[in-house]
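Data first, discussion second: the structure below is written as structure tokens.
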Amino acid sequence: MKIRILTLIFLLQCVFNLGLHFHPLDPLTPQEINKTSFIVKKSHLGTLKDLTFHYLDLEEPNKTHVLQWLSSKKPPQPPRRRSLVVVRAGGQTHELIIDLTSGKIASSRIYTGHGFPSFTFIELFKASKLPLTYPSFKKSILDRSLNISEVSCIPFSVGWYGETITRREVKASCFYRDGSVNVFTRPIEGITITIDVDSMKVVKYSDRFRKPIPDKEGNDFRTKHKPFPFSCNVSDTGFKILGNKIKWANWKFHVGFTARAGITISTASVLDTRTKRFRRVMYRGHLSETFVPYMDPTYDWYFRTFMDIGEFGFGRSAVNLQPLIDCPQNAASLDGYVAGPDGTAQRMSNVMCVFEKNGYGASFRHTEINVPGQVITSGEADISLVVRMVATLGNYDYIVDWEFKKNGAIRVGVDLTGVLEVKATSYTSNEQITENTYGTLVAKNTIAINHDHYLTYYLDLDIDGNGNSLVKAKLKTVRVTDVHNKTSSPRKSYWTVVKETAKTEADGRVRLGSEAVELLIVNPQKKTKIGNTVGYRLIPEHLPVTSLLTDDDYPEIRASYTKYPVWVTAYNRSEKWAGGFYSDRSRGDDGLAVWSSRNREIENKDIVMWYNVGFHHIPYQEDFPVMPTLHGGFTLRPSNFFDNDPLIA
């Protein structure tokens, strides 16, 4: 009897905790991942050859159901938990939806379109080792008088260049360590190895030329001194984490982690101190895709046009955060869970951190000297809350921040660091160069190649509700014409604001920088007390960067969404990945540009804003042997959302 009572108490505690922490957008638990894997393996797919799991994530519930659940005063019936799975088996790509409540396969189909799912870690690991046992490669290494035990090979995705694709392929590039830890700085040039990933065989090999391997001296990226740990030195009231829900100051939101996107921020709401209620700002936000094309069109480099999120996964590439370096002393660490190649849950420890940050400046301040006999000074320190992760994709490290501010703003930032991707050259001095090297000589025998970075953000903003519009607030110069009025001023001109509301998705494609304009997402049905339309505006942190590739270039066909920094589309639950769901070897026939071409209505609709944080990276010598952090980002700032400054309660 005592055992039964204890069991009942335990079950009741589990139910209570589930209700306490549950959120419809919670990532799949390890138990749910393993249950999904078990159901798939028990199906007919379990009998097929080489079953591997490439995507296993929550099948996002219907948005209306989630919002109903969040707004209900009584504990409602939660949306059914379902998982979306993509596996490879028997040389085909299978898509399944698993109902975790019933334990059954809700749907199953074979994908026959263009593109392939992301690579698994095991595939990349095996592909990296394959050249080391390939006879022709071993001979090439021996002919160069190199020790094969000091060779590291790295598989790169290959894109698409108009050919008919029948295989999942990577091209391996190899490097000579010889005691160096900065592997990417010592390439072995002239060798190209094409690998069929499914059969794990070399299908094409060439050894065309040789170049001197750059010296290992002077390329160590490790610091010579102990890193100086940083502390935020904040004395604020702190934050609360309950399951995946976070509450801090006047914000509450949900944080998740997926193998593809990494950090996801959902159902972010800000407190209106006047009405004492939380108001919706963003339903869902995350990184959607990266595009990193290198500007070397030669045979050994032309294919380096990476879509890291779709081809490899930002979450899967997340690294364990370094205490006191990546995150301050007051940070709370969070784990994530992903499915391994065999479908079982894998814990990724300490891949996110949450902390209060002191900006060491004023969130606002003022000194007033015009009150007789008084000097009045007031202000508030710039304290914010940061959710951070770091993803390492080969040579580059991306530090991704979501920062929440007490003034109602959300600042989204990304820092690029790591080591450059270089090619070996015979040049040891800039004066020797007589040809196009497609980059910068950053050290002896070392050319760092010009390249771009585009990080595309998915921002499902719900400003005070679903019915939103994109407003372009254009600043127009007006000439003063009332010169005959004796009471008029001597001014000749001024600027005024002319507002245009985007009607369709074609209007939602915006090139910033050509004219003075502010972009706002507004709720036309909601007004402030004095009648202004509530909204949030987009504030880029630097001049937006767009692709310079020609429209008919194959990498640009795949990533044509980089031609505009801003896109606004009609909400569709399935439209989340800017480069298409199947990014590897895609052809540009799925993704953001295709969806936008439907030209759906976006006025007073449920809409999504997409923003490209772009960089044209011309390498410099200071970027070698390790690149100092390069920052980019944007802010979403309330614009007539509140009746006054929310910092003044």
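Cβ coordinates are placed from backbone N, Cα and C, and glycine is handled just like the others.
What TrEMBL annotates here:
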type: SIGNAL; residues: 1-19; note: signal peptide
type: DOMAIN; residues: 23-110; note: domain 'Copper amine oxidase N2-terminal'
type: DOMAIN; residues: 117-214; note: domain 'Copper amine oxidase N3-terminal'
type: DOMAIN; residues: 237-647; note: domain 'Copper amine oxidase catalytic'
type: ACT_SITE; residues: D308; note: active site, proton acceptor
type: MOD_RES; residues: Y396; note: 2',4',5'-topaquinone
type: ACT_SITE; residues: Y396; note: active site, schiff-base intermediate with substrate
Other C-beta atoms that fall within 10 angstroms of the C-beta of the residue listed as 'active site, proton acceptor': 25
Surrounding CB atoms that lie within 10 Å of the CB of Y396 (2',4',5'-topaquinone), all protein chains: 22
Distance [Cα-Cα, Å, rounded] between Y396 (2',4',5'-topaquinone) and the residue listed as 'active site, proton acceptor': 11
DSSP helix/strand/coil residue counts for the domain 'Copper amine oxidase N3-terminal' (117-214): 28 helix, 29 strand, 41 coil
The domain 'Copper amine oxidase N2-terminal' (23-110) [mean pLDDT, rounded to integer]: 94
